[in-house]
Structures are given as structure tokens and as C-alpha cells.
Amino acid sequence: MSQAALNTRNSEEEVSSRRNNGTRLAGILFLLTVLTTVLVSGWVVLGWMEDAQRLPLSKLVLTGERHYTRNDDIRQSILALGEPGTFMTQDVNIIQTQIEQRLPWIKQVSVRKQWPDELKIHLVEYVPIARWNDQHMVDAEGNTFSVPPERTSKQVLPMLYGPEGSANEVLQGYREMGQMLAKDRFTLKEAAMTARRSWQLTLNNDIKLNLGRGDTMKRLARFVELYPVLQQQAQTDGKRISYVDLRYDSGAAVGWAPLPPEESTQQQNQAQAEQQ
């Protein structure tokens with residue numbers, strides 16, 4: 001190969017090499033430009049999304065059947081955590097825990113965020129079937145909880161009493177005895193169980209029953225059997241049944257009380273009408 005041809009070939013290779021290097025450098029520069037743009041854009045977008053002034057959680061939507069919970073209860077629970085976060089930064093689990101701790105009558109709460117600035121909260125309240133030891137309420141599953149007294153003052157519920165931690169046991173006894181009494185149109189107004197498992201009941205007509213320990217259903221059946229006789233005697237004597245002590249193998253001790261003035265007058269008028 002001649003020297004001229006060799007020089008030409010070397011020259012072409014140098015040009016090609018420079019072109020390849022230039023292309024490679026351009027590719028690297030383009031890639032760096034793209035990466036820089038993505039990073040900068042991502043940083044800007046993230047900063048924008050985290051800016052509480054741009055995406056504050058400013059709307060509150062409450063759902064679920066509510067009897068005791070007010071809108072302000074939820075609002076104050078959230079504000080107690082501090083300034084609300086943004087859509088991206090606010091942890092809904094923290095809000096959920098806060099509501100459950102501050103509002104003991106809430107059975108279940110779910111919190112979720114709705115783009116761009118909405119907080120949706122669904123509430124499920126406990127449903128009371130009786131009052132428990134005056135200060136609390138109890139639901140059908142035996143869960144005890146408290147509600148501000150002023151929000152339950154108009155509710156007429158039976159009263160249950162028992163040692164701490166005995167709500168389920170008292171509730172079960174209340175149901176069983178209530179079912180037996182309902183057959184004879186009695187309603188339980190109060191049911192109390194002592195630490196020694198001794199039972200005292202108050203009926204809707206304010207008659208108090210002392211059942212003692214053990215054989216409570218048997219003793220309750222005895223009262224149902226005796227009641228017509230006792231009621232007849234009460235009407236004859238112009239008195240009312242105050243209490244019936246059934247802590248005996250048979251029979252019962254009965255306490256009597258004067259009739260209220262209105263009932264006494266009504267009974268006298270009825271007796272006079274019958275004589276005429």
C-alpha cells in the first residue's frame with residue numbers, strides 16, 4: 001500500500017473517531033440534560049405539593065349515622081393535632097387514632113383523603129341499650145362507653161349495675177330475666193348484680209325484687225305466680241306493693257307502701273262507683 005493511500009486511510013479513521021466521540025459526548029450531554037430536568041421538575045413539583053398554602057386540607061366531609069357526634073367534635077379533635085397538613089403530608093391514621101381516643105362513643109372511624117383538599121371521615125357510633133353504673137352506657141355486645149350526659153338526657157333506657165368488668169354478665173342476666181317477665185307484661189327498669197352475684201330488680205311499676213344468689217330464674221317464676229294474689233290484696237287494702245323478697249325456699253316477704261295521692265283518689269272513686 002502506498003504512503004498516500006495510508007495517509008488517506010488514517011485521515012478517514014481520525015475523522016470517523018472524532019465523529020463517534022462527538023456523538024457519544026452529545027448523547028451524554030442530552031442524558032444529563034434530561035436527568036437534570038427531571039430532578040429539578042420533581043423537586044419543584046414535590047415542593048409545590050408539600051406547600052400547605054397550595055394544598056391545605058380545608059374541607060371536611062362527615063358521613064355515617066350520628067346521634068351524639070357533632071361536627072365541632074371532629075373539628076376540634078383534628079385541630080388538637082396542630083395545623084392540618086397537606087394532601088401529601090397528612091397521615092390519616094393519626095387523625096383516626098385521635099378521634100377514637102377523644103370520642104369514646106365512637107365504635108369505628110375511617111379517614112381518607114380526597115384530592116385535592118378534602119378530608120372524608122366515616123363514623124360508626126355505639127348504639128346503647130342500657131345505662132351502666134350511671135356514668136356509662138352499654139351496647140348489645142356488652143361494650144361500655146361514655147357520652148356527655150347532656151346529649152343523652154332525653155333517652156329513656158334501663159339501668160344496669162354491677163362490679164367493674166361484669167357488663168357482659170349483667171347484660172346476659174338482664175336479657176334472660178327480662179324475657180321471662182315480658183311474658184306477663186312486666187318490663188325491667190333496673191337490674192343490679194353485687195360482687196357476690198346477688199340480684200336486685202326494679203320493675204316498670206316500681207316494685208323491687210330481691211332475688212339473692214342462685215336460682216334466680218326459679219325465684220322470678222315464683223314472683224310471677226304470686227303477683228296476682230299480691231295485687232288483689234294491695235287493691236283490697238288500698239296499698240301498693242313496694243318490694244318482694246324472694247330469698248326463701250318457698251313463699252316471699254312482701255313490703256307494702258301507701259298509694260300515691262292520685263292513685264288513692266282514683267281507687268276510692270272506683271270503689272264508690274262499684275257500690276252504686
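Cβ coordinates come from backbone N, Cα and C, glycine included.
Pulled from Swiss-Prot, these are the features on record:
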- 1-27: topological domain 'Cytoplasmic' (TOPO_DOM)
- 28-48: transmembrane segment (TRANSMEM)
- 49-276: topological domain 'Periplasmic' (TOPO_DOM)
- 55-126: domain 'POTRA' (DOMAIN)
- 255-276: region 'Disordered' (REGION)
- 266-276: compositional bias 'Low complexity' (COMPBIAS)
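Residue counts for the domain 'POTRA' (55-126) by DSSP state, with H, G and I taken as helix and E and B as strand, are 20 helix, 24 strand, 28 coil. Model confidence over the domain 'POTRA' (55-126) is summarised by a mean pLDDT of 92.
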